[in-house]
Structure formats: C-alpha cells, structure tokens
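Participant: Take a look at what Swiss-Prot says about it:
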- 1-30: region 'Disordered' (REGION)
- 1-15: compositional bias 'Low complexity' (COMPBIAS)
- 13-195: region 'Large ATPase domain (RuvB-L)' (REGION)
- Leu34, Arg35, Gly76, Lys79, Thr80, Thr81, Glu142, Asp143, Phe144, Arg185, Tyr195, Arg232: ATP binding site (BINDING)
- Thr80: Mg(2+) binding site (BINDING)
- 196-266: region 'Small ATPAse domain (RuvB-S)' (REGION)
- 269-357: region 'Head domain (RuvB-H)' (REGION)
- Arg305, Arg324, Arg329: DNA binding site (BINDING)
Amino acid sequence: MAIQSDSLSSLPDSPRIVAPQPVSPNEESIERALRPKALEEYVGQQRAREQLEIFIAAARKRGEALDHVLLFGPPGLGKTTLAHIIAHEMGVQLRQTSGPVLERPGDLAALLTNLERNDVLFIDEIHRLSPVVEEILYPALEDFQIDILIGEGPAARSVKLDLQPFTLVGATTRAGMLTNPLRDRFGIVSRLEFYNTDELARIVTRSASLLNADITADGAHEVARRSRGTPRIANRLLRRVRDYAQVKAHGVIDQDAAGRALAMLDVDPQGLDVMDRKLLEAIVHKFDGGPVGVDSLAAAIGEERDTIEDVIEPYLIQHGYLQRTPRGRTATLTTWRHLGLNPPAAASGGTGELFSK
C-alpha cells in the first residue's frame, strides 16, 4: 500500500527545506513509514553496516545481548533507523527516549527495570543526559544493576536491583560532549558519514516506490545531488518534487521536473538555499570576501548569531564555501565561483597577479 505524502502547505514557514532535523511531527511519521527494517535494506554506511552484521550475528549465536552501541555523526544520516534495525535483527523490543527527557534518576530506573532480556534501549541526544542520571547508567551498563535510594534522611538506604541483560544504543551529533566514563562503556562505536549521490539516488528511488511516485533514474539523481548528502533531506525534497510533478509534470518525476521543482523551492544544484546564498553574498558584496566577524555578519543579514553558527555555517564550512579564521569568516574560491564572480587576488592566493605579469 502506498504511503500518503504530507501536503505542500503543511511545512511551516520558518524551518528550512534543507534542514537536517525533522521540521514537523507529520514528517517524523512519514520517516517512520519510509524507514528500512533490516540491514539488507539499509543503503550506505558500508563500514558501520558490515560491522553490525558481524556483531549482531555473533550475539544471536551466543544468545547474548549485543554490546552497547554508540552512533554519532551529523543529523539526518540514519542513527535512529539503525537503532530500530538493531532491535529488529536481534528479534527484540526497542524502547526509545532522549537525553533531555530523562530529567531524574527515577525516569531512567523505570525504563531499565521494564526491559526484557536482550531488549534495546535507544537514547537519542545522549550527550544531553544530566550528570545525576548518567551516574545511574554506569552500573547498569557494566553490571546490569542499578542502585536505588529508598527512604529519606538518616533512614535512607541503598538497594541494588538486578536488571535483565540489555543493549544501550546511544545516538549523538556531538560525540565530543560525551563524558569519558560514558564513552568508554560503549563496546561498538560507529561514525555515520555523509552519503554520496549514488547512495542517495538509491534511497530516493526506494522511497518513491513506497510513496507510489513515478520517478526516472535521472530524476532520482537530480533530487539526490541537491540533498546535501543527507537521506532526511532527500526524502523531504522527494515529497515536494512529487507534489510538483503531480500538478505540473503529469505525475512523472524526471530530471527536468525535479530541476524545475527544486528551483521553485530555491534549492540550487549544489543544495544551497536562500539562507546559504544570503550569507555568502553578504560576505562577498558587503565585506569584500572577508574576513568579517560573526556579529557584523549577523547584523548584515538580519539573523541571530546562534542561527549563523549552528544552522547555516556547518554545511558551508564542511563543503569548502566558507573559512572560519581568527579574524572572522572568509569566502573561499568555491564561493566566488558559485556566485559567478571573479575572486580578488587575495582569495586566489595571489595567483592572478603572478600570471598577469
């Protein structure tokens, strides 16, 4: 049965269409429907997938819980999907929560004591666990025991509770913020990388089939190359392109229809959107390519400093459009060329003057 897409008007105005985080609860429900259920259906992340295949097979042969797993990397790359796949492959239940939700030790204790043998507990944003909750987690991970304080004041006493063997799958976009004691308790650590265009095209083709959308190979490739290496963005763009194709292209997503739809959405062939270009154009036109301080840049484009640092900059820096230097932000040669402008001699390393003589 085909999965129904959300309508074009359901996206809020504020979130970016190329944001790697979910932009609505409706999108999260669609993501769950598109999510692969088994490792053999999972596209990309070859190293992590091959390692998990071996570790899961070995744990199942021994009848043991899989060792604790830490998944880290940028948002939207499939950490939650892998947690669900691990539980499916192990043939056990998955309990899901997130670091900010576990405010008190009792919150975590309630989850742990309700786990069945070899179940998977998935904690998203595990770097945001409070120190007091993290302390409860240490003996649970090592010895499958927790200490619970009963009573108050001088009459209070500590009681050890035995837990069923379980697997903790922790996910984080900021592995550097994990404490060393917590990081050391994970036996399996996998970093998820950005996807290449061919891998994303396979994901787009699979999702289009589940959405009952007619897509050509060229159409899938066009969506994939504008998706910033991120499956979540690829699936979101696919749904928007599907809407466009149903109205403007007789329901067929080919390269031309995909290109026109994404141009309408202001997503260019490199996956940059209006906010990206606004920032790059400000550096080039208002500050001669930089360097420029982030506060001056924020004032120039009318955005908050945190928005620039946390939302706009990361992709531009990772893909060579922007440099962050002690003196401020500087546009690279890639930016000048992307904007169709001739870079000054300083941006080209002085080669222009050298070759003009």
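Keep in mind that glycine also has a Cβ here, set from the backbone N, Cα and C atoms.
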Participant: Could you tell me which of these binding-site residues, Gly76, Glu142, has the greatest number of Cβ atoms within 10 Å of its own Cβ?
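Facilitator: By the 10 Å Cβ neighbour count, Gly76 comes out on top.
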Participant: Using DSSP reduced to three states, classify Arg329 (DNA binding site) as helix, strand or coil.
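Facilitator: In the DSSP reduction, Arg329 (DNA binding site) maps to strand.
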Participant: List the same-chain residues at least 6 positions away in sequence whose Cβ sits under 8 Å from the Cβ of Arg329 (DNA binding site), in sequence order, or say none.
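Facilitator: Spatial neighbours, sequence-distant, of Arg329 (DNA binding site): Ile283, Gly290, Pro291, Val292, Gly293, Val294, Leu297, Glu313, Leu322, Gln323.
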Participant: How far apart, in Å, are the two Cα atoms that lie farthest from each other among Arg305, Arg324, Arg329, the residues recorded as binding DNA?
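Facilitator: In whole numbers, the farthest two Cα atoms are 14 Å apart.
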Participant: Looking only at Cβ atoms, how many others are within 10 Å of the one on Phe144 (ATP binding site)?
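Facilitator: The Cβ of Phe144 (ATP binding site) has 16 Cβ neighbours within 10 Å.
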Participant: Looking only at the region 'Head domain (RuvB-H)' (269-357), what is the model's average confidence as pLDDT?
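Facilitator: Here the predicted model's pLDDT, averaged over the region 'Head domain (RuvB-H)' (269-357), is 81.
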Participant: DSSP three-state call for Arg305 (DNA binding site): helix, strand or coil?
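Facilitator: DSSP assigns Arg305 (DNA binding site) to helix.
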Participant: Write down the Cα-Cα distance for Arg305 (DNA binding site) and Thr80 (ATP binding site), rounded and given in Å.
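Facilitator: The Cα atom of Thr80 (ATP binding site) is 29 Å away from the Cα atom of Arg305 (DNA binding site).
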Participant: Hey, what's the Cβ neighbour count for Arg305 (DNA binding site) at 10 Å?
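Facilitator: I get 13 for this one.
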